[in-house]
Amino acid sequence: MILRRLFHVLPAFAFTLFILVLLDLQLRTRSDQKPQNAHDGHQRTTFISETTAENQHRDGAHEKEKAEGQKWTEVRSTPPLELSDIFIAVKTTGRFHKSRLALLLETWISETKEHTYIFTDSPDADISSEGFNVVVTNCSPEHSHQALSCKMAAEYDYFMASYKKWLCHVDDDNYLNPGALLSLLMAFPADGDIYVGKPSLDRPMRAQELLEGNKTRDVHFWFATGGAGFCLSRNLAERMAPWASGPRFEQTSAVIMLPDDCTVGFIVERRLGISMIHSNMFHSHLENLLLLSPSDIPKQVTLSYGWFESKMNSVELKGVFTKDEDPSRFRTVHCLLYPTTSWCPVALKSALSWNQHVMH
């Protein structure tokens, strides 16, 4: 009887024991899984942090690109160069007022009157009364390097006292094309150290620089001949001040015993270590002007003329005026650039100007 009861109770006991063991195993398994879950949570947190960092980096890069874009836009939005930004200096002397200078006043200076300054050694009531900017210097009328440097010093000081961005120098036997000048200067950075012109030599200038104790040393440098014209940016002109402002320009000229245009090249290349930019758009009477083709003439910044071996050295252009009427060819050039000028032939007034041809 007892044995029979035992057989009835034993299965229930075994089943209960099995349930307890199973529960214990499940609890142990969950306990073992907790660190792994915590590790997974850490991984998720790390991933979220890394993702956030990546997003922040991406956003930062985007903001940097945006800022750079704005900076580029600001650079690109610099107002375009205008004729009013250029200080055009013409060097002359009293004995050429009625000849060389009169031709310039009649032609290209009539188009740039407000921005052109005439540096001379003699007062001229007739020219001043017509509203031209005449600067009468205290310089000698002689064609010596001291007298020439005296006038260049005046040009430099007057430019530095202005608000203008460029100083462009020409002589009284140059024709200046304002449109070509603007096209040239606009190709340069607004804040650059620019010295552009044309050398009269095919090699650097060689000179003797005077040193203390009556010693000298050989120096060589490129310079833009004043007879073809040249331009200086304001940034560069400001850097030239220790050797060019006030009486210093003439003092520097005396150190190398050379005229004004050589002195400019000496200051820029030797004192500042900046190279001159050579341009074939400037022309002096020292070159063969007949080699310029008519189609290229409207693209040139300056032209010139002069006598060479009893022959007139000027550009070759047919029509408008004869060579006897216009030996320099400046009037012919001017009428082709500005056909509506009052004294130009009537036949030209309905034609496209050279300027319009070039722009189109």
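Glycine is no exception: its Cβ is also placed from the backbone N, Cα and C atoms.
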**Report entry** C139: disulphide-linked cysteine among C150, C168 [source: Swiss-Prot]
**Finding:** C150
Report summary line: Among the candidates C168, C335, the one bonded to C231 through a disulphide according to Swiss-Prot is C168
Report summary line: Swiss-Prot feature region 'Disordered', matched against 27-50, 51-74, maps to 51-74
Query - N138, N214 - the residue Swiss-Prot records as N-linked glycosylation site - result: N214
Query - Cα distance (Å, whole number) from N214 (N-linked glycosylation site) to D261 (active site) - result: 25
Report summary line: Taking all protein chains shown into account, the Cβ-based neighbour count within 10 Å for D261 (active site) is 27
Query raised in the report: What is the total of other Cβ atoms whose distance to the Cβ of N214 (N-linked glycosylation site) is within 10 Å?
Result: 6
Report summary line: Averaged over the topological domain 'Cytoplasmic' (1-5), the pLDDT of the predicted model comes to 47
